[in-house]
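Visitor: Please read through the structure below; I'll follow up with questions.
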Amino acid sequence: MQRVNLSTVSEFLLVGLSDAPEIRFLLFVLFLIIYLATMAGNITILVAIGTDTCLQNPMYFFLGNLSLLDILCPTITVPKMLEALLLENKVISFTGCTLQLFFLIDVVGTEIFLLAVMAYDRYVAICHPLQYMNIVSMKLCAHLAIGTWVVGFLNSLLHTSLIFTLFFCDSNEVDQYYCDIPPMLALSCSPTYSRELVILTVAGILGSSAFVVTLISYIYILMAILCMNSSESRHKAFSTCGSHLTVVCLFYGTTICTYVRPSSTYSPNQDRIVSMLYGILTPLLNPIIYSLRNKEVKCALRRVIRQVRTAL
């Protein structure tokens with residue numbers, strides 16, 4: 001692999017969502033509200049999990065990790081997008097672009113593995129309820145959580161090194177509102193076939209492994225639910241995994257559309273919409289999905305809100 005980047009480009013220009021002043025301001029207000037709501041929702045979930053004794057178990061430990069990732073994901077991209085919309089400052093340095101892509105891929109990769117771990121947790125809870133606390137101990141939870149973050153980091157390190165050892169020469173316009181793999185591959189003036197092949201292979205192996213774990217877990221969960229005698233038991237079992245299944249469908253659907261395809265099919269306008277779904281809207285929806293479908297989370301959130309009102 002080429003170790004020194006020979007690019008003549010020292011900075012990149014991020015193509016914004018709109019150049020019309022009146023539209024830019026409306027978009028700025030809209031995305032600022034969404035970002036603040038995302039921060040508030042996920043921070044509230046973290047506070048509830050950290051302070052409520054009813055939520056001190058493996059399921060909510062992993063949910064806390066998911067909320068942390070949902071805080072980090074939009075924070076990597078949205079502030080720069082808001083700056084571009086408000087101040088028209090679309091320039092990002094080569095180093096800044098590298099770091100932005102690295103942290104984004106790190107968070108996305110970690111979330112894929114975390115969702116697989118959460119699926120396994122739900123499988124044990126529903127299929128082996130009597131042995132749940134023995135199998136999924138807090139020590140195992142800590143090891144699994146650390147493992148997801150480490151694998152996400154190493155995966156991102158590989159992808160980022162493959163992208164930013166390419167040669168960028170003619171144009172510095174990134175056809176996206178943040179630095180991401182497809183637009184950077186499309187921008188490079190170096191041959192990208194071999195690197196695309198490595199990226200797709202690694203992402204395919206890791207992503208499909210996480211997906212298979214998730215799929216097999218839910219097959220066993222579904223079989224266990226269908227074998228239950230009472231409708232109340234089936235409803236209770238489904239309610240414990242329904243939120244996670246909804247989040248999985250949202251996340252996998254949008255990330256597959258963005259990353260699992262060759263750069264020759266890259267469509268800037270389509271990718272902006274899809275990337276907003278997993279990068280901005282999904283982190284906003286996750287705490288809503290979990291709070292609406294989970295009675296324990298709703299009760300904990302009410303207690304947190306009451307404590308905040310009392311303090312104020």
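Just so you know, glycine gets a Cβ as well, placed from its N, Cα and C.
According to TrEMBL, the record shows the following:
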DOMAIN    41-290  domain 'G-protein coupled receptors family 1 profile'
TRANSMEM  25-48  transmembrane segment
TRANSMEM  60-79  transmembrane segment
TRANSMEM  99-120  transmembrane segment
TRANSMEM  140-168  transmembrane segment
TRANSMEM  197-225  transmembrane segment
TRANSMEM  237-261  transmembrane segment
TRANSMEM  273-292  transmembrane segment
Visitor: Let me spell it out: take the transmembrane segment (25-48), skip the flanking residues so only those 6+ beyond its ends count, and list any with a Cβ under 8 Å from a Cβ in it.
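Guide: Cβ under 8 Å, 6 or more out: 17-18, 55, 63-64, 67-68, 70-71, 74, 78-79, 81-82, 85-86, 280-281, 283-284, 286-288, 290-291, 297, 300-301, 303-305.
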Visitor: Restricting to the domain 'G-protein coupled receptors family 1 profile' (41-290), what is the model's mean pLDDT?
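Guide: That region's mean pLDDT is 85.
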